[in-house]
Amino acid sequence: IIVHGHLITSCVLLLCLLPQIGWAINYKQGDPVVLYVNKVGPYHNPQETYHYYTLPVCRPKEVRHKALSLGEVLDGDRMAESLYKIHFKDNTERQILCHLTLSEKEVDQLREAIEELYYFEFVLDDIPIWGFVGYMEESGFLPHSHKVGLWTHLDFNIEYNGDSVIFANVSVKDVKPVPLEEGGGGAGRGTGGSSEGLSVTHTYSVHWFESHLPHARRAERLRDYSFFPKTLEIHWLSIINSLVLVVLLLGFVIIILMRVLKNDFARYNVEEDGSCDDLDQGDNGWKIIHTDVFRFPPYKSLLCSVLGVGAQFLTLATGIIVMALLGMFNVHRHGAINSAAIVLYALTSCVSGYCSCNFYTQIHGQRWVWNIILTSSLFSAPLFLTWSVVNSVHWWSGSTQALPASTVLLLLGAWVLVGFPLTVIGGIVGKNRAGSFQAPCRTRNIPRQIPQQPWYKHTAVHMAIGGFLPFSAISVELYYIFATVWGREHYTLYGILLCVFAILLSVGACISVALTYFLLSGEDYRWWWRSILSTGSTGLFIFVYSLFYYHNRSSMSGLVQSVEFFGYSLLTAFVFSLMLGTVSFWASLTFIRYIYRSLKMD
């Protein structure tokens, strides 16, 4: 298993990392430059994409697809060679691409695509080229006019520097669209209406322009291109505002807790004599439950699995952000972050196995095999279920987002031969290296009765407080992340993202400590699960925000887009709950050990 795991790991790394290198292709005068057609889809539904050749367009007799990386396949790319003949630095004027006779059904298909604002994506030398399939015009109320036209001529504008391509785009300036009338009729230049259908002639022109931008900086040229609306801006004021609020919040919590604890220690440590069993005579507050606070909770295996998977995703998120800061994600290469996330998820499975089984052994767990199985399936099972539903919807609609069987087998093999074995290995190592649970006080056999708690100390109230405060710290940045994942933007502010991620974890830890203290002060020692749920509820707020974003901040619609958006939004909320629940638990455990270790007890 280990040998096969190393082989699969090597293959996945090669598939994911080699296509991200971005070597420059050197051309000579007149060398052919291959233009690949990729996909089409509704402008407002970024995740609903179909192969370009599903439309009635010019296509070769034999479609030859390009070999793609794993990240490109996951991103819905399905590149195929086109009929466009482009040669390096050779200008072309109104070259005929093909003649087509469109049936009534094909005209209706094009009309529907244009009315839904379908855009296409071509790829030339790893540079994406976008453009709309056609033109639609709505004018007037009385009389109302609705015009739909098909672009049958494209002008390719390509920039070069020396022997390499820098940038490319497509233009329809000064081009008249071919009108598409109901029933397959139409008239216009390059067309002819007949009883057999609508005849159209597709043409193209190629213009080359010299650029002084070096190949190493051509990503800057793509970022400046504005086919998609530019909404992401450097939002330093909002980040500084969030940072100031977080610093004030943390400062208030720390100062108040330190002053309260100082008074508690002064009151509890007045009498230095007496045994640990007699300290609770006449006392109240968190000191009186010192013989119960380290009582192990129910569902120990599930709790440890949550901590293990949460630690894995903390490692994964940190690794992704650091890799982005190091510039390892080429903006010209599709699906780079997807590839890195899959590789890191498989390789960090040992972290979840180690953390889960190590702590499970410390709290006297006996079924460590079941604990490893639960840890390995805690996220992978919901992920597989969600992906199955989403992929089935994509497959039913014919979308390119539906993964081919070869990719599914590759991903399944990566988990079976790499992810799961590493989880088992990490669990065995964690079990063997587990020490004793460090508890400053011993636990009584008979648990103390918990007094009735006021309403503001109930679990739902703590979850509302503990979830809202971390969410408020990232709410500004969350919009930009959603606009990148579910929109058209390229996120490049990874330094800000790292800062916000640190703020999120800090606020979660601090709020968890404060809520845990309030819980213990009411003589309620059931803090184990409460510490995870209080801050882990941030995932619920993130999912509610996703609902708000879908209905008020986006134009997404349709079954395909909705199923994918809400399915993966649920998974994202679950991941945030695991990460923040893990951070808050360890912060609460460290705090509890500190305060009870500071008590003067025998």
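Just so it is clear, glycine is given a Cβ too, placed from its N, Cα and C backbone atoms.
Here is what TrEMBL says about this protein:
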SIGNAL    1-24  signal peptide
TRANSMEM  236-258  transmembrane segment
TRANSMEM  302-329  transmembrane segment
TRANSMEM  335-356  transmembrane segment
TRANSMEM  368-390  transmembrane segment
TRANSMEM  402-429  transmembrane segment
TRANSMEM  460-482  transmembrane segment
TRANSMEM  494-520  transmembrane segment
TRANSMEM  527-550  transmembrane segment
TRANSMEM  570-596  transmembrane segment
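When each of 402-429, 460-482, 494-520, 527-550 is checked for Cβ pairs under 8 Å to the transmembrane segment (302-329), 494-520 comes out on top.
Most Cβ pairs under 8 A with the transmembrane segment (368-390) among the ranges 335-356, 402-429, 460-482, 527-550 are made by 402-429. At the 8 Å Cβ cutoff, the transmembrane segment (402-429) and the transmembrane segment (460-482) share fewer than 3 close pairs (sequence separation 6 or more) and do not count as touching. With respect to Cβ pairs under 8 Å, the transmembrane segment (494-520) is most closely packed against 460-482, considering the stretches 335-356, 460-482, 527-550. Beyond the ends of the transmembrane segment (460-482), by six or more residues, the same chain brings 232, 235, 238-239, 241-242, 245-246, 249, 489, 491, 493, 496-497, 500, 503-504, 507-508, 511-512, 515, 519, 530, 533-542, 545-546, 549, 553, 580, 584 to within a C-beta distance below 8 angstroms of the stretch.
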